[in-house]
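Asker: What follows is a single structure, and I will ask about it in a moment.
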Amino acid sequence: MSPQTETKASVGFQAGVKDYKLTYYTPEYETKDTDILAAFRVTPQPGVPPEEAGAAVAAESSTGTWTTVWTDGLTSLDRYKGRCYHIEPVAGEDNQWICYVAYPLDLFEEGSVTNMFTSIVGNVFGFKALRALRLEDLRIPPAYTKTFQGPPHGIQVERDKLNKYGRPLLGCTIKPKLGLSAKNYGRACYECLRGGLDFTKDDENVNSQPFMRWRDRFVFCAEAIYKAQAETGEIKGHYLNATAGTCEEMIKRAVFARELGVPIVMHDYITGGFTANTSLAHYCRDNGLLLHIHRAMHAVIDRQKNHGMHFRVLAKALRMSGGDHIHSGTVVGKLEGEREMTLGFVDLLRDDFIEKDRARGIFFTQDWVSMPGVIPVASGGIHVWHMPALTEIFGDDSVLQFGGGTLGHPWGNAPGAAANRVALEACVQARNEGRDLAREGNEIIREACKWSPELAAACEVWKAIKFEFEPVDTIDE
């Protein structure tokens, strides 16, 4: 060993392994306005103290690795490291803690959800010292928010484009989701739109399969839109799914949709990826297309309470990446979603400023600094009897989407659409008159049945349909 090497080793670098908490657990740290803050639900392995587990999360999701490295001396760890600054036990759990981590903003590329998630929810989730790890919430600082375009248009611009105000929008997913020819698919869209719906929708797994290639579907759906608009005098739309195997193909499909003059396209943002989604959102803003977002694959990530990532984080990420609608659960339908928790992330999608509210699962105050809002879409196992509850829970700035609840009507698609439209208009009118939708909902629907045979038939078919299962993911007591 040369004398120069000996001198450097003796003065600075000390090889070996040391506890993460010696560097990354800093309870005295005062968070900065520019920090990205994260709340992790941490379940350590037996024998691992929570301080070490929380520090390990901060280290492995920022600058740290399993051993000391000499290149630490070539940068400022104090400037760039993540810090576990607070730990609190989870009520009712013996071995779970909420660990709060602050990340300096310089760790992340501007305008890139992909880069943000690669660090914060990257390899650390496979760390052996942790039995389980879940990201519960993120605080995105205004300094980072302003590097994102966000939704292509937002709620108010969509209202203005559609010229529809004062009520939720109505949609329908075309069923069966796979197997129809393009012409029959377009016919189903036309019947639903003519019957009174605002939108019809491709299901998330409708891309370009042998039974129905994307270009044929786009053409027949555009024909359905224009025909229904001419007959009803209302602006109509169909969520044309542009999701594809490559970004180039996805943009090609969006370009064709724009050439057809339709108002909206669709993307599966988790399976498609955040880079693809952000690219499509930029194209949609530049070319006047609304963007509907489906969350296929979300439950793989967010359903288990002790591991993965809560949907409120995926919802925030979508607002940053870009989308005008996103599926959010229904509370009352067939899919997972507790009421207060769902309303918490619905507010995070729509509102400009959201206060911390642990009772609704919101760990941090979030200021979106005028980033456009996203319309939540309630979809999955809902029908006309749910209309009062959906109107009361989600309010006007929402899309209520009835697939089977439209196409399953005994008289056909158009009567199914009419039944939903009548039920919605009745609920909105009753609410505007001061009636209590939660208490009087069934009575309101029965009254409307007297002057709508389509609604009466729908009510008879689905009068006994319920999905009464306890949610897996609940708010901590």
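Cβ atoms are placed via backbone N, Cα and C, with glycine included.
Small disclaimer: the values here were computed from a predicted structure and weren't measured.
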Asker: Same substrate site as Asn123, Thr173, Lys177, Arg295, Ser379 according to Swiss-Prot: which of His325, His327, His409?
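Answerer: Of His325, His327, His409, His327 joins Asn123, Thr173, Lys177, Arg295, Ser379 in the substrate site that Swiss-Prot records.
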Asker: Might you list, by sequence position, any residue in that chain lying six or more from His327 (substrate binding site) with a Cβ less than 8 Å away from its Cβ?
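Answerer: Same-chain residues close to His327 (substrate binding site) (Cβ under 8 Å, separated by 6 or more) are Ile293, His294, Arg295, Pro376, Val377, Ser379, Gly380.
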Asker: For Arg295 (substrate binding site), list the number of other Cβ atoms lying within 10 Å of its Cβ atom.
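Answerer: Its Cβ shell of radius 10 Å holds 23 other Cβ atoms.
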Asker: If you measure Lys201 (Mg(2+) binding site) to Thr173 (substrate binding site) at Cα, how many Å is it?
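Answerer: Given the Cα positions, Lys201 (Mg(2+) binding site) is 5 Å from Thr173 (substrate binding site).
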Asker: Minimum Cβ neighbour count within 10 Å among the active-site residues Lys175, His294: which residue?
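Answerer: So among Lys175, His294, the active-site residues given, the one with the fewest Cβ atoms within 10 Å is Lys175.
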Asker: By the DSSP assignment reduced to helix, strand and coil, which category contains Lys175 (active site, proton acceptor)?
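Answerer: DSSP call for Lys175 (active site, proton acceptor): coil, neither helix nor strand.
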